[in-house]
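Enquirer: The active site, proton acceptor annotation in TrEMBL covers B:Tyr153. Look at TrEMBL and you will find B:Thr38, B:Asn88, B:Tyr153, B:Ala154, B:Ala155, B:Ser156, B:Lys157, B:Ile186 tagged as NADP(+) binding site. The feature domain 'Ketoreductase' is assigned by TrEMBL to B:7-184.
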Amino acid sequence: MSDVMARVKKMVVEHLDVEEEKVTDNAHFIDDLGADSLDNVELVMAFEEEFDIEIPDDAAEHIQTVGDAVKFISEKVG
Amino acid sequence: MFSLDGKRALVTGATGGLGGAIARKLHAAGAHVAISGTRAEKLESLATELGERVVIAAANLSDPDAVDALPKQAADALGGSIDILVANAGITRDGLLMRMKPEDFNDVIRINLESYFRLCKACLRPMMKARSGRIIGITSVVGVTGNPGQTNYAASKAGMIGFSKSLAQEVATRGITVNCIAPGFITSPMTDALNDQQRDATIARVPMGALGTGDDIANAALYLASDEANYVTGQTLHVNGGMVMV
């Protein structure tokens, strides 16, 4: 597992209070992990701080799954 | 009751009668207060009067960048993020619609309503993290009743109420409340300038037979800012001596 994946996973587990096994690549924040739209906003904000990057609003809209987040962040910090 | 010990508040329009009264009240309840306004000497004298736990965060609310930056500027000066936002600053550009220039309309909307949006947005991030926060918009009775000569002002104040109700629903699960206070006729330099006849006509519309004071509004702000009001959100608290009951 990549470093980004591990950190994202940890943040998702903490923020959404879900079991680690559920936080898979394909897990959808809202449909699978019980997030609401505000959770999504908060997660994006948390990613920005954790990885010291900026995630523009139009990109944030497309971050729907754990994999989306990892992919976006990896490209930014890569 | 109503202790704000250790809380950090930002009050805009603190050089006005209402804003000054609100800043004094929150400060007296123990809050650390950032006072914002456009008149430097008035801010200085209010800061001197209050003594400790006060910082000045001057900003021109007609400048969008300055508004966006204000909460951070205040938080930096206070040494921590804002727990309580009181958006009180506002202007009037009265006139009958038939004679109202677009800039008179737009200026009022920009300073009264758009700056409220900007201030709320900038304050929300730390509030969401903290899972608590208080946003209080000072609107006006005319935002609910309308008033001839104030289409622009009434629209901006009604806008604040609808905005607050929507935002209240967005952030309710995060322990953040968003409410408005709608003052009626309050003593101010403007009401002091009325002649006796005008004054009597004004008071005749108020069942309590008197104008309100800045303190009456400040008490409402203190309540909404307090922990005791934690189950109150999306509301407009009318403080008007019974002039309008909704």
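The backbone N, Cα and C atoms fix where each Cβ goes, and this holds for glycine too.
Note that this is a predicted model, so its numbers are computed, not measured.
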Enquirer: According to DSSP, which kind of secondary structure is B:Thr38 (NADP(+) binding site) found in, if we only use helix, strand and coil?
Expert: coil
Enquirer: What does DSSP call B:Lys157 (NADP(+) binding site) in the simple three-state scheme?
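Expert: Looking at the DSSP assignment, B:Lys157 (NADP(+) binding site) belongs to a helix.
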Enquirer: Taking only same-chain residues 6+ apart in sequence, whose CB is under 8 Å from that of B:Ala154 (NADP(+) binding site), what do you get?
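Expert: In sequence order, B:Ser140, B:Val142, B:Gly143, B:Gly146, B:Asn147 meet the Cβ cut-off.
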Enquirer: Need one number: mean pLDDT over the domain 'Ketoreductase' (B:7-184).
Expert: 96
Enquirer: Given the binding-site residues B:Thr38, B:Asn88, B:Ile186, which one's Cα is the least distant from that of the residue listed as 'active site, proton acceptor'?
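Expert: That would be B:Asn88, nearest by Cα distance.
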Enquirer: For a quick check of understanding: given the listed NADP(+)-binding residues B:Thr38, B:Asn88, B:Tyr153, B:Ala154, B:Ala155, B:Ser156, B:Lys157, B:Ile186, what is the maximum Cα-Cα distance in angstrom, as an integer?
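Expert: Across B:Thr38, B:Asn88, B:Tyr153, B:Ala154, B:Ala155, B:Ser156, B:Lys157, B:Ile186, the widest Cα separation comes out at 23 Å.
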Enquirer: If H, G and I count as helix, E and B as strand, and all else as coil, what does DSSP give for B:Asn88 (NADP(+) binding site)?
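Expert: Assignment for B:Asn88 (NADP(+) binding site) reads coil.
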Enquirer: For a quick check of packing: other C-beta atoms within 10 Å of the C-beta of B:Thr38 (NADP(+) binding site), how many?
Expert: 16
Enquirer: Can you check which residues sit near B:Asn88 (NADP(+) binding site), meaning Cβ under 8 Å from its Cβ, same chain, 6 or more apart in sequence, and list them in order?
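Expert: Correct list: B:Val11, B:Thr12, B:Gly13, B:Ala14, B:Gly16, B:Leu18, B:Gly19, B:Ile22, B:Ile138.
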Enquirer: Output the one of B:Ala155, B:Ile186 that, of all these binding-site residues, has the highest number of other Cβ atoms within 10 Å of its Cβ.
Expert: B:Ile186
Enquirer: I'd like the Cβ neighbour count for the residue listed as 'active site, proton acceptor', meaning other Cβ atoms within 10 Å of its Cβ, all protein chains included.
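Expert: Total other Cβ atoms inside 10 Å, all chains included: 23.
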